[in-house]
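Now, the feature entries from TrEMBL:
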BINDING   Glu74, Asp117, Leu119, Asp120, Asp247  Mg(2+) binding site
Amino acid sequence: NMASPALLMRVVASAYSVAEKAATIVRNVMAAGDLGIVEKTGANDLQTKADRLVQMSICASLARKFPKVTIIGEEELPSGEVTEDLIEDGHCEEILKKTCPAEYTGIKEEELVIWVDPLDGTKEYTEGLLDHVTVLIGIAYGGKAIAGVINQPYYNYEAGAGAVLGRTIWGVLGMGAFGFQLTEAPAGKHIIVTTRSHSNAVVNDCISALNPDSVIRVGGAGNKIIQLIEGKASAYVFASPGCKKWDTCAPEAILHAVGGKITDIHGNGFQYNKDVKHMNSAGVLAALRNYDYYASRIPNTVKQSLVP
């Protein structure tokens with residue numbers, strides 16, 4: 001008889017279904033019309049009913065199946081019973097059929113940390129920029145992002161009535177990433193994707209130093225990594241604190257699974273063990289290809305202003 005699938009594959013397979021449930025919640029909240037917006041630290045730091053319900057759904061669903069895994073979500077929520085309608089018990093059969101990379105077959109539940117951003121791009125969600133929105137579930141082991149799920153609840157939403165909305169991208173280091181068509185940015189072009197709502201002089205100076213052919217300003221870290229893996233941008237540059245571990249864990253795993261690279265502005269990798277501080281205080285630099293080209297052009301003045 002076949003050995004039962006490795007824990008990592010079971011977690012990823014469940015996270016896939018949990019992310020699809022999350023997308024349904026996101027779409028339902030928007031369709032119902034009452035977003036229940038709360039300002040957390042200010043007008044650029046919002047929380048909606050969707051953020052709250054999705055986080056409860058993801059965390060409770062995964063905790064029920066994998067009780068010893070550490071799960072860290074963006075939103076601070078009161079602890080309490082989660083209603084059964086928020087629980088997703090399913091998993092993606094396709095993922096369970098794949099072979100777990102050998103180096104991850106012995107992982108135990110208590111060694112995994114799951115970083116959850118229930119709705120990445122909340123500000124854009126409230127403004128109706130729905131294609132910017134993602135649900136992020138990142139899986140870390142030994143402090144490294146090793147697997148991730150990114151759901152885009154509104155993928156295809158401009159295709160008109162009858163189009164199937166949403167898609168789920170997933171990946172595991174050593175296995176690859178699935179659910180999208182890997183595409184490289186146009187050769188010889190420097191297209192920078194960066195923040196939409198958190199710009200300042202340092203952010204802009206850093207971009208100018210890269211002599212970009214064009215700059216794309218969009219919301220959401222998940223969305224920016226998708227721009228890289230689908231060839232719409234050649235580098236993601238954000239020379240500012242603000243990004244958190246739950247923003248980068250899932251995207252990092254997917255980008256690394258297809259041979260890309262993401263670090264802070266100094267070139268340091270991100271750590272995802274459960275005791276790490278949540279803020280990526282030295283910014284973000286990422287590329288699918290030619291990472292070194294962009295890293296070598298970050299001005300020292302920018303590096304000095306961002307302390308890891």
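Every residue, even glycine, has its Cβ placed from backbone N, Cα and C.
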Considering the binding-site residues Glu74, Asp117, Asp120, Asp247, which residue's Cβ sits among the greatest number of other Cβ atoms within 10 Å? Asp117
Residues near Leu119 (Mg(2+) binding site) in space but at least six apart in sequence (CB under 8 A): Val26, Thr48, Ala50, Asp51, Val54, Tyr125, Val133, Thr134, Val135
Name them in sequence order: residues not among Glu74, Asp117, Leu119, Asp120, Asp247 whose Cβ is within 8 Å of the mean position of the Cβ atoms defining the Mg(2+) site. Asp51, Val116, Pro118, Gly121, Thr122, Thr134, Val135, Leu136, Gly220, Ala221, Gly222, Lys244, Trp246
